[in-house]
């Protein structure tokens, strides 16, 4: 039976251990604490804040935390008190087995200072384990011939505690044949042996039952028992004997299972069945049992499972040889496991500061790394480095810790994410290495303005565009990210023709697309200069500018405008004269037209669209000059009607037409006489023409009288000014604006001409009365006569009265005629070239406007030389009322003047008219019948 054990109070022991745990010392930069095992979670270990000189409230601010190497956290920091406390139950036997001292090393990291402090904590053992036998029942066989003093080894109890808490003593239950002897080995182990005190007699007692008790020395004392059954055997007086008391073996940890270590042999001098020996392990713990295998018949020992130096480097076991007579022999086996480089280094990222700003200073800490290799010696020595092409480097910290820092400034626009490879290699043979990837994100700052691909842009838009039409798209690129790369577009405000630029153009602030807010007119706006700004959304925002030139392209949207001949306001057509003696190529008149478009759209060509006598006249393709194509014949009609078309070269082409009436005669009186006496020879009802003329004259007379009455009232109001105008060629004063037409800020006075037409009742004669040397330039056409239209005349009542008072009539003014040098055109005295070239300089395009200004100026001062100036258009005074000048815009960039490239002058020439040859008084001219 087990002896009674005293159990002192456990609380006193725990209190003693807790007091010992508060003691610490600082030596070689390390802090030491101690704490009893099996304490509750949160038990106090030491005051970290005090030992580190930090305020407990600033622990979180300094980033103080515990870092360990892949082990379950046994300790924790109390953030309120700054104390190191247990994180859970600590079992010393699980951590350190039966090591005399159980030391746990942890590290305290102060992040803001970049420092590590080593902490060594000793786990103090308490008596929390009972001594334990591997078996509960033990059978011992003893030969009856055994002599007193014979010793029989008994199983040892195992107590995981250490020191006084470990196994201290054995006790054997009282009996008459056996006693207990305890032997202490070199390593301090206590080995119980059963000693035979008296000779056995199987016949008296064949079996004996004993109880062995194992006790420790802790407080309270703990113990356990094993029942021993002793069987007395028949005579077998020799036990197996091993040749060596101790066997030593070295083995590499990477040896495969099945590898033979050695073979042990025990000899038994007995013969027969008493000499047969069986082998088995004795004194082997549970962890060693599955690692090795012993053949009980041969004594061969082999590896049953792979060994690991890092788990255990030394094994000690006892081998027992037993014969059939229960005689035993024992020996020890010591196995040393040698390390091989079979473990790669481990890299643990304890802290990673990501993302990092791209403008961080060199030397900024990016991460803390912990490196460990489970091998020993050189196999466990590790070196770390990064790739040379990255802007980072590793710096050695304390123990096996490294700091990853920057070597230079970073640029997110070049690299936004760094995949940092940390390579750790040991010094073994062959060396083993490990690569660890660290993904570091670089945070963006607004350090790049938006940029355009080009310094300037040019865009084109057709005129007459739709409002809101897309013109051009601008795109600026900002290499920054997120809001620093969000680009908005705007157009710098300016004015164009007095209006804000924003009323013409708008831009989408998000897409950079330009839109037209108005329909552009090429004739008004040729181009726009814009300044577009691209700004990002960073803080502060950055921006850049780019210039954009927007050109308006011309479209053929303006038809040619005919400047000469102009249509009279009374609805009749203008009359042109061609003498019967005209040779082929004689210049009859010239059609002048302009086009407000430009380029090809303003190139004009002339053609004869319709003629009453085909082949008689021709029109210059580029000059617009109407010339005779052949000599005039007597059979040619007196009045020729021509329709001239003017067409530009746009797409599609636009055109305009003008109708010309050409009278084949040498003078206007002849024209009037022959018009009055003209009678178609093919008409069988020739006698009815007189009736038609009488009716027409009566109608015209009624209209004429009404017109004279109205005109008389108007003329009486302006008689004085008109009188001054005729008597003087000086400065015009007080002339109403209705008598002027503006051409480039010049007003030309419109002279009023009058004539009186007197027709007799007969069919072929008429009398013309010219009360003053001025003639109306508008005659009715033959077609109008045939349609019984009234002959329209313009009568100046005041002039007529003035001439009548003087009792005389001036001779006809010869200025109404055309000389060859006075024909319409740029060079009336020369034949035009139908294949003239297009204008190739700005001076040619300004010719028409200069000629119009010169003509208008002469008409204004009363000394018009429209027909007499060399180098002018050759417009005689007879074209004054018909070619009424309107305001002509400045088309110098797009007007083509057909014909000559000669230099224009505005010199005032003298009139070519001769002095009147007739005497005073009225001159009558009777017309002669045309004979065919």
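The chain as shown is numbered from 1 upward.
Using the three backbone atoms N, Cα and C, a Cβ is placed for every residue, glycine included.
Here Swiss-Prot flags 810-841 as compositional bias 'Polar residues'.
Sequence annotations record features per position, and here Swiss-Prot assigns compositional bias 'Basic residues' to 922-932.
As annotated by Swiss-Prot, domain 'Cadherin 1' applies to 30-133, with the evidence given as sequence analysis. Mean per-residue pLDDT, taken over the domain 'Cadherin 1' (30-133), amounts to 84.
For the domain 'Cadherin 2' (134-242), the DSSP counts in helix, strand and coil order read 3 helix, 53 strand, 53 coil. Per Swiss-Prot, domain 'Cadherin 2' is recorded for 134-242, and the stated evidence type is sequence analysis.
Annotation comment: Swiss-Prot describes 348-452 as domain 'Cadherin 4', evidence class sequence analysis.
Residues annotated as region 'Disordered' in Swiss-Prot: 804-841 (among others).
The region 'Disordered' annotation in Swiss-Prot covers 902-932 (among others).
The signal peptide annotation in Swiss-Prot covers 1-29.
The topological domain 'Extracellular' annotation in Swiss-Prot covers 30-692.
Taken from Swiss-Prot, the feature topological domain 'Cytoplasmic' applies to 714-932, supported by sequence analysis.
For 693-713, the entry in Swiss-Prot reads transmembrane segment.
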On the DSSP side of things, how many residues of the domain 'Cadherin 1' (30-133) fall into helix, strand and coil, could you say? 17 helix, 41 strand, 46 coil
What are the helix, strand and coil residue counts for the domain 'Cadherin 4' (348-452) according to DSSP? 4 helix, 53 strand, 48 coil
